[in-house]
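Asker: Please read through the structure below; I'll follow up with questions.
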């Protein structure tokens, strides 16, 4: 069990680690040769061409302006300067609304933390329940635990303070959720109504086109929409299985890149000697040929193969998939088609809004309806076993990541780990680091499962993966450590206690587990977020590619591509902090300042990354917000149920029933928000279509 000293050691190490990351980042971002890594978004948008440099050859690689190093935290206020409207134009609505999740955390937990520390901490501290428990020799505790609800004796009237605070926390959280839901919904509608015209805004995706022996898929789609949407149908494009064609296009791209490289090399040399290449393996052996002439011939040859393959794909009926993109004359008509059932058979002619081209996940467009159902069932079963069997190795390794666990496995290390500093290091850091390492490969597994299920857009793939990641965190990271972990810690006590003492032990053990989550927050939320801004992995990959693979400016652009935010991993991690904050606010208020530091630090860091680094792959117009809202509501209900059970173990029979109304109120609030705001994220309002048309007509 971590003590106040252990928490202090962990906090010191993580603060020092974060500070070192910031200093290293401040140094690296000022070097001209790293400019394309730390300001890659400006290069990709064509708004930055070269870093400021001076001092001759050395100045091209190293910043020689010593004064610039003195402002190593200057990036923080710079990240906060850009207004939200400008940030939407710069990075998109998805990125801005993602940042608002962190801002929502600050708005919820800042007042809750102040209220909890002003009311609950004095109520908890001014008791001696844990001191009495020590004399019974069945519960161990530290000074930190005196701040928790465990320090209140059974049947005490002081539990009324926790119940009143639970109501206050619930009302405040619901109020902020409603205001934020309304704000984001209005932002989405305004964004969709005023953004520039794109083909996908007038297009729907049609899947499960039924086979017809007398007509091709293309003819069938055209005939169907001419009959059912005669006044609004414009055109369509069937989906082809063109894997070989895609390979040829990729091959031509590489050949063209080599051609550009040798032409640029020949132009720069200003000599009559033309570049030579070898036809053997990797250009290291074989016949020598003129490089420029060779690659011109290869590009022409591949272009002819592409033209032939394109013709084969169009004429081969086996290459045509039972899916099509259908375009309409107006956005209103597309909205009507996307939101209505086209035939009596609901498994055929399935229509949905077409994702923007960047967002389309092409391999899943033509999966049959029955296959989708089977795939969904298989993945649900697989995820169930993944979630509930993964808790076994996590619980086992977590039990070893303690002083007692290490002493059992390796008793010869006892004289080392009993040292005060080493013991504080183990109890304050090791368990959090081990848990973090266990979750490294999980996002990739969950994304593969989502792809197998058949979602047709990258955004929906990420939302599905995020949903499962959240459930996994809830079961394994939270419940696995709080409930199962608490039971494991008190197992010896259970064996020596009478049955009526066991609920008391559990009631005390659950809030005591907060010390583990405090250490996890510091490892993952402090040092982890500070390490995010360092961009160590993209930095190393960029310089390796730049040294070994980059031949042209196009290669350099691909080498510096930093990717996007990673909603499928980032949002579930944020939701874990919402869950911890809401659960422990009435139980262990000491955890709240650590969460506030995380939200504040993460907001600044990710705002900087979104402005300067991340290049979002797609734009879903904040379609993920209902999931965010629902998970915070889930965390709120879990916190209420756990508090109800916890007070029940304290024999506060008169106080506990007053908590029953909280889940009912919260669920009713969620149903209200779902009916009031969620349609803006699922269906396209026809009123917005008319507004859009009238605005464009007036402008014309």
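Please read every residue number as a count from 1 along the shown chain.
Glycine residues also receive a Cβ, built from the backbone N, Cα and C atoms like all the rest.
A TrEMBL annotation is a machine prediction, not a hand-curated record.
For reference, TrEMBL lists these features for the protein:
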DOMAIN    7-180  domain 'CSC1/OSCA1-like N-terminal transmembrane'
TRANSMEM  12-30  transmembrane segment
TRANSMEM  101-120  transmembrane segment
TRANSMEM  159-178  transmembrane segment
DOMAIN    201-364  domain 'CSC1/OSCA1-like cytosolic'
DOMAIN    375-646  domain 'CSC1/OSCA1-like 7TM region'
TRANSMEM  377-401  transmembrane segment
TRANSMEM  421-448  transmembrane segment
TRANSMEM  469-488  transmembrane segment
TRANSMEM  576-606  transmembrane segment
TRANSMEM  628-647  transmembrane segment
TRANSMEM  653-673  transmembrane segment
Asker: What parts of the chain pack near the transmembrane segment (12-30), using Cβ distances under 8 Å and only residues at least 6 beyond its ends?
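Answerer: For the transmembrane segment (12-30), the sequence-distant neighbours (Cβ-Cβ under 8 Å, at least 6 residues beyond its ends) are 38-39, 63, 68-69, 72-73, 75, 425, 428-429, 522-523, 526-527, 529-531, 533-534, 539, 601.
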Asker: Answer yes if the transmembrane segment (653-673) and the transmembrane segment (159-178) have at least three CB pairs under 8 Å among residue pairs 6 or more apart in sequence, and no otherwise.
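Answerer: Contact between the transmembrane segment (653-673) and the transmembrane segment (159-178): present.
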Asker: Give residue numbers and ranges for long-range contacts of the transmembrane segment (101-120): same chain, 6 or more residues beyond its ends, CB-CB under 8 A.
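Answerer: That would be 149, 161-162, 165, 168-169, 172-173, 176-177, 180, 571, 574, 577-578, 581, 585-586, 589, 592-593, 595-596, 599-600, 602-603, 606, 628, 632.
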